[in-house]
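Visitor: One structure is given below, represented as C-alpha coordinates, and several questions about it will come after.
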Amino acid sequence: MATSQAASDSSQPAQSQTVRVVIKGRVQGVFYRNWTIENAIQLGLKGWVRNRKDGSVEALFSGNPNSVQEMEQRCRRGPPAAMVTGLEVFPSDDDPGSGFERKPTV
(Lines of atoms letter the chains of each structure in order from A and count residues from 1; the text may use other names and numbers.)
(Lines give C-alpha, C1' and ligand atoms only; values in the text may rest on other atoms or scores of the structure.)
Protein backbone atom coordinates (compact mmCIF):
# COMPACT_ATOMS: atom_id res chain seq x y z
CA MET A 1 0.00 0.00 0.00
CA ALA A 2 2.79 2.42 0.88
CA THR A 3 4.43 1.82 -2.50
CA SER A 4 1.28 2.66 -4.48
CA GLN A 5 0.77 5.78 -2.34
CA ALA A 6 4.32 6.95 -3.09
CA ALA A 7 3.79 6.31 -6.79
CA SER A 8 0.58 8.36 -6.84
CA ASP A 9 2.29 11.20 -4.94
CA SER A 10 5.03 11.46 -7.57
CA SER A 11 2.41 11.85 -10.33
CA GLN A 12 0.72 14.83 -8.68
CA PRO A 13 0.80 18.03 -10.78
CA ALA A 14 3.27 20.72 -9.80
CA GLN A 15 2.00 23.20 -7.23
CA SER A 16 3.15 26.10 -9.39
CA GLN A 17 3.26 26.71 -13.14
CA THR A 18 4.85 29.61 -15.03
CA VAL A 19 4.06 30.55 -18.63
CA ARG A 20 4.87 33.45 -20.94
CA VAL A 21 1.96 34.56 -23.10
CA VAL A 22 1.95 36.75 -26.22
CA ILE A 23 -1.46 38.19 -27.15
CA LYS A 24 -2.01 39.55 -30.65
CA GLY A 25 -4.78 41.59 -32.23
CA ARG A 26 -6.29 44.90 -31.12
CA VAL A 27 -4.80 44.70 -27.64
CA GLN A 28 -3.11 48.08 -27.18
CA GLY A 29 -5.07 51.21 -26.35
CA VAL A 30 -7.98 49.14 -25.00
CA PHE A 31 -6.88 48.87 -21.32
CA TYR A 32 -5.61 45.31 -21.88
CA ARG A 33 -2.72 45.69 -19.42
CA ASN A 34 -4.90 47.08 -16.62
CA TRP A 35 -7.48 44.37 -17.27
CA THR A 36 -4.72 41.74 -17.13
CA ILE A 37 -3.42 43.06 -13.80
CA GLU A 38 -6.93 43.00 -12.27
CA ASN A 39 -7.60 39.45 -13.47
CA ALA A 40 -4.19 38.09 -12.47
CA ILE A 41 -4.52 39.53 -8.96
CA GLN A 42 -8.05 38.13 -8.71
CA LEU A 43 -6.67 34.67 -9.56
CA GLY A 44 -3.75 35.00 -7.13
CA LEU A 45 -1.08 34.97 -9.85
CA LYS A 46 2.39 36.50 -9.82
CA GLY A 47 4.15 37.96 -12.84
CA TRP A 48 3.97 40.95 -15.15
CA VAL A 49 2.41 42.41 -18.30
CA ARG A 50 3.81 44.81 -20.92
CA ASN A 51 3.17 46.19 -24.39
CA ARG A 52 5.51 45.25 -27.21
CA LYS A 53 6.53 47.59 -30.01
CA ASP A 54 5.04 45.17 -32.57
CA GLY A 55 1.54 45.91 -31.20
CA SER A 56 1.19 42.76 -29.11
CA VAL A 57 0.94 42.38 -25.34
CA GLU A 58 3.26 40.02 -23.46
CA ALA A 59 2.68 38.62 -19.98
CA LEU A 60 4.21 36.20 -17.49
CA PHE A 61 1.79 34.28 -15.28
CA SER A 62 2.89 32.12 -12.36
CA GLY A 63 0.88 30.28 -9.74
CA ASN A 64 -1.57 27.44 -9.29
CA PRO A 65 -1.79 25.55 -12.62
CA ASN A 66 -5.60 25.82 -12.66
CA SER A 67 -5.40 29.59 -12.16
CA VAL A 68 -2.76 29.93 -14.88
CA GLN A 69 -4.99 27.96 -17.26
CA GLU A 70 -8.00 30.13 -16.35
CA MET A 71 -5.94 33.27 -17.03
CA GLU A 72 -4.94 31.91 -20.45
CA GLN A 73 -8.65 31.44 -21.26
CA ARG A 74 -9.48 34.95 -20.07
CA CYS A 75 -6.69 36.38 -22.23
CA ARG A 76 -8.28 34.79 -25.30
CA ARG A 77 -11.26 37.13 -24.75
CA GLY A 78 -9.59 40.15 -23.12
CA PRO A 79 -11.38 43.31 -22.04
CA PRO A 80 -14.54 44.43 -23.92
CA ALA A 81 -12.78 46.75 -26.42
CA ALA A 82 -10.07 44.20 -27.33
CA MET A 83 -10.10 41.99 -30.41
CA VAL A 84 -7.77 39.04 -29.75
CA THR A 85 -6.66 37.31 -32.94
CA GLY A 86 -3.88 35.13 -31.53
CA LEU A 87 -2.52 33.78 -28.26
CA GLU A 88 0.82 32.01 -27.93
CA VAL A 89 1.76 30.26 -24.68
CA PHE A 90 5.30 29.20 -23.79
CA PRO A 91 6.54 27.39 -20.64
CA SER A 92 8.91 29.65 -18.71
CA ASP A 93 11.52 29.46 -15.97
CA ASP A 94 11.56 33.28 -15.52
CA ASP A 95 11.25 34.67 -12.01
CA PRO A 96 7.68 36.03 -11.64
CA GLY A 97 8.58 38.27 -8.70
CA SER A 98 6.44 38.67 -5.60
CA GLY A 99 3.31 40.28 -7.06
CA PHE A 100 1.85 41.29 -10.40
CA GLU A 101 3.16 44.41 -12.15
CA ARG A 102 3.19 46.40 -15.36
CA LYS A 103 6.58 46.51 -17.11
CA PRO A 104 7.80 49.06 -19.66
CA THR A 105 7.23 48.49 -23.38
CA VAL A 106 9.86 46.44 -25.22
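Note that Cβ sites are derived from N, Cα and C of the backbone, with glycine treated the same way.
Annotated domain 'Acylphosphatase-like' per TrEMBL: 18-104, in sequence order. The active site annotation in TrEMBL covers Arg33, Asn51. The feature region 'Disordered' is assigned by TrEMBL to 87-106.
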Visitor: In sequence order, what residues of the same chain, 6+ apart, have a Cβ less than 8 Å from the Cβ of Asn51 (active site)?
Guide: Gln28, Arg33, Val57, Glu58, Thr105
Visitor: Return the count of C-beta atoms lying within 10 angstroms of the C-beta of Arg33 (active site), excluding that atom itself.
Guide: 20
Visitor: Using Cβ atoms and a strict cutoff of less than 8 Å, what residues sit near the region 'Disordered' (87-106) while being 6 or more residues removed from its termini?
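Guide: Hits for the region 'Disordered' (87-106): 18-24, 33, 37, 40-41, 45-53, 58, 60-63, 72, 75-76.
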